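Here's the structure we're looking at; comments come further down.
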Amino acid sequence: MGITSRNNRGNFDWLLIVIFLALIGIGWVNIYSASIDPSGVSDFFDLNNLYTRQLLFIGLSLLIIIFILSLDAKFFERFASVIYVTSILSLLGLFIFGKNISGATSWYSFGSFGLQPSEFAKAATALALAKYLSDIQTDVKSFVHQLRAFVIIALPAICIVPQPDPGSALVYAAFFFPLYREGLSGIYLIIGSITIALFVLTLAFGPIYIIAGIVLIALFLLIKNRKKRFGKRYYYILPLVSIVFVLSVNYIFQNVFEQRHRDRFNVVLGKEVDMKSIGYNTYQSEIAIGNGGLTGKGFLKGTQTKGNFVPEQHTDYIFSTVGEEWGFLGSSLVIILFVGLMLRIIFLAERQKSQFSRIYGYSIAGILFIHFLVNIGMVTGVFPTVGIPLPFFSYGGSGLWGFTILLFIFVKLDSNRVNEW
Amino acid sequence: MRKILLFSIVLISGILLTGRLFYLQILDTSYATLSVNNAIKRVYDYPQRGHIYDRNGSLLVSNQPSYDVMVIPREVKPFDTTEFCGLLKMTREALKTRLDKARVYSPRLPSIVIPQLTKSEYAYLQEKMRKYEGFYIQKRSLRDYQVDFGANFLGYIAEVNRSDIEDNPYYQSGDLKGRTGVEKQYEETLRGIKGVKYIQKDRFNRDIGAYKNGSLDTIPEPGKDLTLTIDAELQKYGEELMVNKRGGIIAIEPSTGEILALISAPNYDPSLLVGRQRSANFTKLWYDTIAKPLFDRSLQAEYPPGSPFKTLNALIALQENVVDTQESFACHGGYYYGSRGRKLGCHHHPSPLSMVPGIANSCNAYFANVYRRVIDKYDTPQEGMDRWHHHLASFGLGQYMGTDLPTGRPGYIPDSDYYNRAYEYPKYKWFSTATISNSIGQGEVSLTPIQLANVTATIANRGWYYTPHIVKGIEGQTELIPEKYRTKNVTTIDPANFEPVVEGMFGAYNYGTAAGVQIPGIEICGKTGTAENYTKIDGKRQQLTDHSIFVAFAPKDNPKIAIAVFVENGYWGGRYGGKIASLMIEKHIKGEITRTDLEDWILSHSLEEEYAKPLSGKPFPINDGKKISGKVEKPIL
C-alpha cells in the first residue's frame, strides 16, 4: 500500500492538470467580466456576485480533486455499478423532489444553491460503460451485448430528456466513440453520418436535389460494379431507404420537432428568420465575437458584454465574452487549450494497459468533445442553439464539479497504469 | 482507423471553429459597427441658443426654460392619482391613457407625460415631485420673445425634418433649427455646437456609465449673441401704423445700409410659434391664404413701383445726356403717341415743366418724353433698352438684393431679349413706345419694397449704397459680419446727376404731390407713387384699387433714414404711404410725434373693407367708389 501511494504521487499527468487549471482560470476571469455590475461597486466577497460564487465552486472542486486522487484507483472500477445505480436514482428522484428553475426540473435545491445530478451522471455512465465493456465476457461485436451497452448509455439520457433538458441528453451520443474504439462495427458510423448528412442537406436544399443526387450516385456505383456477382441488392435497397428518409425529413421536421427547434435550425441554415427575436441569442453573440477583432476590446472593456446584450452570457454563452474581450488571439488560445486537452486524453487513453481505463478515457474525451463542439458551434452561429455548457468555463457549480470529477478520475486511473499488468 | 477517428474529428473540429472565429473576428468587419450601434449611446448636451438684440442693445429674443413631466413606467410605484392629477391639471382618464401609451412605447425608457410646463407651474410642482416615483421633470430650452413684433425677420425655430438630417449630419432627430428669418440665416452662429457624451448601454437600453471613461466626449460650444440693425422702437411703431393694412415698410440708414425697420403687414406675434400651442397656431397662420401673414411682403412682394421709379428714369436720362435740367415739356393732360392717338394720361398740374418740378409734380408726360429719348438715343431700341437695363442693374434691381435674410425676390427689369421674345422680333419690330409704361414705373417693371428702399438710400447717398443687411454685430463685434455688407456698391450714375433728382423730391415734399405730409423742422425728400394693379378673379383680370406708395429720405443733407412704404390698395401715394413715411421719419429723427393728426388718421383708418371687395364675388367699385373696377383708364400719379 505504501509503495503504491508513493508511486502514484509522481505519476499524475501534469500536462492535463496544467491545461485544466488554465481553463478554469481563464473561465473565471471571463465570468468575472460578464457578471460584474458595471454601475456600482459591490463587495468582492458578497456571495450574491456570480463571480464570487464561481470562485467558491472552484475552491470546492479542488477539495473534490484531492478526495478523488486520494482514493484507490481500483475503487472506481469496483464501485462503478453502485455509482451508476445511485446516479440513475438521483435522476429519477428529480421527478419527485426536483426544483423547477427556468422551465427545467433539473435541480435539487439547498438554500440558495442547487445541484444538477445530470452533470454527475455523465461520469457515472462512463464508469459503468467502461466496466461493462472491459468485462472479459463482453463481446462488442455481439448484437445482444451492443444492446446492453446501449441500455446503459440510454437510461440516464432517457431520465434527462423529460426534465426537459435535451441538450444534456445529446451528450450521451459521445459514448459512440469508446464503443467504436472497442470494435463496434463501422456500419453504425456510416449509417449515422449518412442520416445526419441527409437530414441537414435536405433541410438546406430541399428534397428534390438530394433525391436526384442519391439516384445519380446509385447509378454510378451500379454501373461501376456491374460485374460483381453478389450484394447487388444493396445498390437498390440503400438508395431506396435513403429516398424514403429524405421524403420523410420534412414531415419529421414539421411534426416531430417543436417550433423553437425548427427556428434554431433555420437560424443556422441562414433561412429567413427575424434576428431580433428568434435569432437574437445567436445574433448578439456573433456581434460580440465579431466586435473583438484580432486582439479584443480588452478585459472588462467589451461593450456587448458590459451591456448584457448576450443572454446567458456567464453560462452557455461565456465564449462570446472571450471573443469580444480577448479577440481572435484569446479565443483561438482557448480552442487550442481544449483541443490540446482532448488530444492529450486520447493519447493517454491509448497507452493505458487496462481496457477499463482506456474506455473511460475515450468516454470523457467524447463527452468533452460534444460539449466543446456544440457549445462553441452554437456561440459562433454554426450549430443550432442547444443549451449545454462549455466545460470548465461556464458558470455553475454542478457543471464544474461534474467535469472535474470526470477528468480527475481519469487522471487517477492514468497515474495507476504502471501498477496494471 | 479505430484509434485515430476521435483524434482526427477533434483536430478537424478545432481547426474549423478557429476558421469560423477568423471569419467573424478578422474578415467580416460589419460586426464592429453593429456593436457600436447596439451598445453605445450618444447623449447630446445642447448649448443655449444665442440671444438677439436690437441696434440699441435692447433684448428681443432670449431663451426660457420649459419643463416636461416625464415618466419611466417600470419605476412607477402606486401613488395618489387624485392629488397628482390635481397638480398637473389633468383628468384621471387622460393620465391613464398617457401612462398606457408610455408603457407600450417602452417600460424602461422615459416618455413625456405633460410637455412644456410654464415656470410657475413648474415651481409649484417641483417640491411635490419626489413623492411620485418614476416621474421626473426634464428641462428644455425654448425661445422667449421679449417683443410681440418683428416675427417676419426674427423667424422661428422648429424641429428638424428628415431632409435636414440627411443634408447635414450635425442634426439629429429632435434637434431644433432656425426655419426662417435671422434664426435661419445665422443658424450656425446662434445655435453654437452641441457637446456629445458617449454612454455605454445595456440590452434594455439603460445607461450604465461613460464609454471609455468619457475620453471621446466633447464640451458644447455656446451660441453667439446677435445684434440686429433694427431699431425696436421704430419697428414697433411701424407695425402699429400698419395694423389693418397690408404691405411693407423698409427703413434703411443710407450711410451704412443697415435696415432700421423691416415691416411686413399683417404680421403675427412671434411667441405664437413657441410652446404647447405652436402647432395649432402655425396651422392657422399657414392656412390664412388671404392675408398671408407668413409671407414677408417687405422682402418677397413684387409690386409695380409706380412714380418713385421716375426718379431712376430721370437719373438715367441725365447720365445719358438726353436732357438737361432746363428743358421743359408740355403736358396736355397726358402724353400722346403712336399713329392712332394713343394717350398716357396725367393729372392736373402746371405745364410745361422741367425736371425738378416734373419730379415734384410727377408729370407722366415729362417722363414719357425723357424715357423715349433714352431708348431712342441709340441706333436700335434694343441697344437703348439694354443701356437702360444696365443702369438699373447697378442699383441692384431685377436681381436678388443679397440681404442677410433667407427670403427675397429679384423683382423684374425687362431688357431687349424680353421684348424681342414678346414681340417675336425680328418678325415684328418694336419701338420705344411699346415699352412706354416703364417710364412711369408700370408695365413690365416690378420691385420689392426693399429694392425701392435701397434705391431711395442710393439717391440719398448720391450714387452709392451698401447692400441692406440686418445684422450689426456678432457677440457685439461688427468685424464679424460678412465682408459683403461692408463694401460700397457704386452705381453707373455720376454723383452730380443726383442733385436735380434730390431737388425734385424735395420739391414734391414742399409744394408737389406730397405737400400734405410735411413735418415742421425736418427737410424731407420724397416721392409719391400710385400704382395700378390687377388680380385674377375667376380667371378674369380685374383691376383693384391702386397701391399707395411712398419713398423718402431725410434730412436732405447728410440723410439719416431712407424709407419705402407700400400700402396695398391704399388708393394714392400721399394717402397712406406718405403719411406713414413722414410719421416714421419723424419718429426716427425726433423720437416723438408732432403731427398727431396724421397719426390719428392712420391709426383710425382700415383697409380691410377694400381687401374684402375682390372676395365678395360681386362687381365692386375701385379707387374709393369713383369707378367700377376694370372699366376706365385713369390718370397715373
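Cβ atoms are placed via backbone N, Cα and C, with glycine included.
Database features (TrEMBL):
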TRANSMEM  A:12-31  transmembrane segment
TRANSMEM  A:51-71  transmembrane segment
TRANSMEM  A:78-98  transmembrane segment
TRANSMEM  A:143-162  transmembrane segment
TRANSMEM  A:169-191  transmembrane segment
TRANSMEM  A:197-222  transmembrane segment
TRANSMEM  A:234-253  transmembrane segment
TRANSMEM  A:326-347  transmembrane segment
TRANSMEM  A:359-380  transmembrane segment
TRANSMEM  A:392-411  transmembrane segment
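Counting C-beta pairs under 8 angstroms (sequence separation of 6 or more), the transmembrane segment (A:169-191) reaches the transmembrane segment (A:359-380) with 3 or more such pairs.
Of the candidate ranges A:78-98, A:234-253, A:326-347, A:359-380, A:78-98 has the most C-beta pairs within less than 8 angstroms of the transmembrane segment (A:143-162). Listed by sequence, the residues of this chain that lie at least six past the ends of the transmembrane segment (A:326-347) yet keep a Cβ under 8 A from its Cβ atoms are 13, 15-16, 19-20, 22-23, 26, 289, 292-297, 299, 319, 361-362, 364-365, 368-369, 372, 376, 391, 393, 410. Taking every recorded stretch in A:51-71, A:78-98, A:234-253, A:359-380, A:392-411 and counting its Cβ pairs under 8 Å to the transmembrane segment (A:197-222), the highest total belongs to A:234-253. Taking Cβ pairs closer than 8 Å, the transmembrane segment (A:234-253) reaches residues 194-195, 198-199, 202-203, 207, 210-211, 214-215, 217-218, 221-222, 225, 262, 265 in its own chain, all 6 or more past its ends. Contact count against the transmembrane segment (A:392-411) (Cβ pairs under 8 Å) is highest for A:51-71, out of A:51-71, A:78-98, A:359-380.
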